[in-house]
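What Swiss-Prot records for this protein:
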MOD_RES   376  phosphoserine
REGION    1-24  region 'Disordered'
REGION    389-410  region 'Disordered'
TRANSMEM  37-57  transmembrane segment
TRANSMEM  80-100  transmembrane segment
TRANSMEM  105-125  transmembrane segment
TRANSMEM  139-159  transmembrane segment
TRANSMEM  175-195  transmembrane segment
TRANSMEM  206-226  transmembrane segment
TRANSMEM  244-264  transmembrane segment
TRANSMEM  275-295  transmembrane segment
TRANSMEM  304-324  transmembrane segment
């Protein structure tokens with residue numbers, strides 16, 4: 001009986017202990033957070049790649065229409081409009097990436113656009129460098145691309161796994177937290193000091209201007225993540241648009257982005273674009289990561305090794321971007337003056353003693369702001385010896401040409 005009764009007994013599984021439950025929950029949460037990080041990183045990489053392609057398409061269109069008389073001829077080309085659509089698509093991808101991954105991961109991934117621009121500029125735009133500059137330019141550029149890729153890999157691998165729902169309550173709670181209020185106080189004081197020295201003391205250093213951009217940019221990315229996260233939650237069914245904090249963040253996002261673009265435009269009028277790209281990337285990324293770590297607590301609970309490896313990835317990406325941008329060709333400024341000896345046929349005119357006459361009926365007076373419609377002056381010719389150019393061996397020395405001497409009629 002006992003054997004039959006014992007045979008009929010079935011072992012019941014024991015309920016899981018609290019330790020096992022917490023372990024399984026933490027592993028599932030870790031897997032979910034890693035998937036969200038991967039989705040956000042892929043969206044950001046895709047967005048920056050598409051933005052790079054779009055900007056190079058528009059650059060290619062402007063290069064082809066450089067000699068056009070119509071200053072807005074690019075509006076009539078399909079290439080420029082395709083670039084504009086790709087630009088909007090890329091920016092939308094970058095905007096959506098902030099809703100999935102931490103801010104500290106998305107911001108440094110803008111190095112992808114620098115890598116893509118360097119490669120597309122060589123292949124698509126066909127930027128040509130002299131063979132003697134190959135070692136100085138190509139090798140350093142490829143080394144920079146390699147370092148930027150390694151840095152990007154470290155950023156994605158050791159990125160923080162903080163994933164808090166961007167609800168109106170959470171954002172309002174972070175906005176009035178003491179760490180962020182202290183950061184805002186320091187940022188506002190520093191911004192006012194830099195703005196004073198820039199506007200009143202003419203401190204036009206690139207570090208001063210780009211620090212202004214970086215401080216504004218840190219607030220831009222904080223508000224972008226809030227707006228993007230609240231929009232994604234609203235699309236998923238958890239409506240967040242009825243919170244006033246959404247509109248506060250939206251207004252701050254637009255305002256800081258506009259002023260940031262203004263300072264960048266002023267910097268581009270003084271400094272080379274490659275220098276702005278490298279210094280701006282370093283300063284803006286550092287300020288944005290700092291703001292994200294304080295506002296969204298990105299690194300709260302992270303291991304020290306992960307934080308150090310993430311910082312190492314940032315430093316490697318900084319070095320890669322610097323190497324890529326430091327050897328770009330500087331734009332040659334437009335030179336409105338033409339050497340007379342460089343014009344075809346001018347040497348033959350000098351040899352024959354032909355006078356170079358100005359066009360008196362033209363509406364443009366070279367070197368003066370006078371109208372040539374009514375001419376009542378008397379011109380008497382004078383002669384000067386021709387100066388032989390050092391670079392021209394075909395010019396004939398000693399042959400005079402006449403320069404018109406201007407005297408008023410009495």
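Placed from the backbone N, Cα and C atoms, the Cβ positions cover glycine too.
It should be emphasised that the depicted structure is a prediction, and the values quoted were computed from it without experimental measurement.
Recorded stretches compared: 80-100, 206-226, 244-264, 304-324; the one with the most Cβ pairs under 8 Å to the transmembrane segment (275-295) is 206-226. Between the transmembrane segment (175-195) and the transmembrane segment (206-226) there are at least 3 Cβ pairs closer than 8 Å, counting only pairs 6 or more residues apart in sequence, which means the two stretches are in contact. Most Cβ pairs under 8 A with the transmembrane segment (37-57) among the ranges 105-125, 139-159, 206-226, 244-264, 304-324 are made by 105-125. Highlighted: of the candidate stretches 105-125, 139-159, 244-264, 304-324, 244-264 has the greatest count of Cβ pairs under 8 Å to the transmembrane segment (206-226). Counting Cβ pairs closer than 8 Å to the transmembrane segment (304-324), the top stretch among 105-125, 139-159, 244-264 is 139-159. Within the same chain, the transmembrane segment (139-159) packs against the transmembrane segment (105-125): three or more Cβ pairs sit under 8 Å, each pair at least 6 residues apart. Nonlocal intrachain contacts for the transmembrane segment (105-125), taken as residues 6+ away from its ends with a CB within less than 8 angstroms of a stretch CB, comprise 37, 40-41, 44-45, 48-49, 51-53, 55-56, 59-60, 63, 94, 97-98, 141, 144-145, 148-149, 151-152, 155-156, 159-160, 221, 225, 277, 281, 284-285, 288-289, 292, 313-314, 317, 320-321, 324-325.
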